[in-house]
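Here's what Swiss-Prot has on this protein:
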BINDING   K8, T168, D169, T210, G211, G212, M213, A214, T215, K216  ATP binding site
BINDING   S49, D136, N148  substrate binding site
DOMAIN    275-353  domain 'PUA'
Amino acid sequence: MTQTLVVKIGTSSLTHPKTGDLSLSTIAVLVETLSKLRRQGQRIVLVSSGAVGVGCGRLGLSERPRTMALKQAVAAVGQGRLMRIYDDFFTTLNQPIAQVLLTRGDLVQRQRYLNAYNTFQELFNLGVIPIVNENDTVAVDELKFGDNDTLSALVASLVEADWLFLLTDVDRLYSADPRQQPDAQPISVVNSIEELAQVQVGDRGSIWGTGGMATKITAAEIAGEAGVRTVITEGRSPVNIERILAGEALGTQFEPQPRPINARKRWIAHALVPTGKLYLDRGAVQAIAQLGKSLLAAGIVQVEGVFQSQDAVLLCDRAGQEIGRGLVNYNSQELEKIQGRRSEEIPTILGYSGAETVVHRDNLVLS
């Protein structure tokens, strides 16, 4: 049976930790593994970190850039070298590849999101393995994925993948960082993210990367909502992917949600960047969270931020606790005028007719 696999390999697995130089032996095994799976009929996406790390090695920099401009310049150097090496390795196995560089903006606008989906489908039909990275050279802080764990989860959601493999510098998730606490207990299966409330996930994984275990857990949650099974496993042993697909209990597997969120709501929940907040009274919170209702103007007690109609906003209770996200039918200036008012009063207040709901339930997803 044909399956869609998204494989993310981190900088710590791709490079030597002290120098930032590429680990060609790891890349060779990764390429051979993915090419073999592709020949077996699987659809493969590789999300590869390493552009900044490789760029540092190429330019002789001893540490990761601290400023955005320098990081973007170094990424431009490293991305070209990284893709050249991938192309050389995949070409020896007659496996075509494609470079796909994404920014958050490509997923924020619905039409661009759908265009990206269609592009991936055509690449699959052509037998190509897309190699994805964030377009660091043009990304801005407001529209950055932040790490490739998040990017890989959003790509897995976008392409409706069956599996997301997060290849990292540990063999699985532990109750604490095993490098700091030798008695940390391995975790083989996670049925619900809530099970990990007591896990000490630490922060940054390595000096060359940007993600730690916390970002991988978040990625697993995003993917799980899309019905994608996520596995955290050892990055320097890419053959583990085949073994896991064959049924071996390696790494940590995150079970997907039994009832995945539909594609549009996944887009609202994770791809969009909220531009404002709406604070709601208790009745509105209950109507949305417990009864599945749309948000009406009467339930809004405060409007925060400047946004336009159809922008994404956070929906919060009076204390500021996020309860959901949604697409608004009014801009922030209009909402400041109609907040707390009944729907039938809106035409009189604004001087024109508008939507009865501020956020329709079809455009609302609970957090």
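Yeah, the Cβs are placed from backbone N, Cα and C, and that goes for glycine too.
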Can you tell me how spread out the substrate site is, meaning the largest CA to CA distance among S49, D136, N148, in Å?
11
Looking only at the domain 'PUA' (275-353), what are its DSSP counts of helix, strand and coil residues?
26 helix, 21 strand, 32 coil
K8, M213, T215 screened against N148 (substrate binding site), Cα within 10 Å - retained binding-site residues
K8, T215
List the Cα distance (Å, whole number) between M213 (ATP binding site) and S49 (substrate binding site).
15
Going by DSSP, is K8 (ATP binding site) sitting in a helix, a strand, or coil?
strand
Among the binding-site residues listed here (D136, D169), identify the one with the smallest other-Cβ count within 10 Å.
D169
Nearest by CA distance to S49 (substrate binding site): which of the binding-site residues is it, out of K8, D169, T215?
K8
For the C-alpha pair, I'd like the distance in angstrom between D169 (ATP binding site) and D136 (substrate binding site), rounded off.
23
Mapped onto three states, the DSSP assignment of M213 (ATP binding site) reads helix
On the three-state reduction of DSSP, what should I expect for N148 (substrate binding site)?
helix
For D136 (substrate binding site) and T215 (ATP binding site), determine the Cα separation and express it in whole Å.
18
In three-state terms from DSSP, label D169 (ATP binding site) for me.
coil
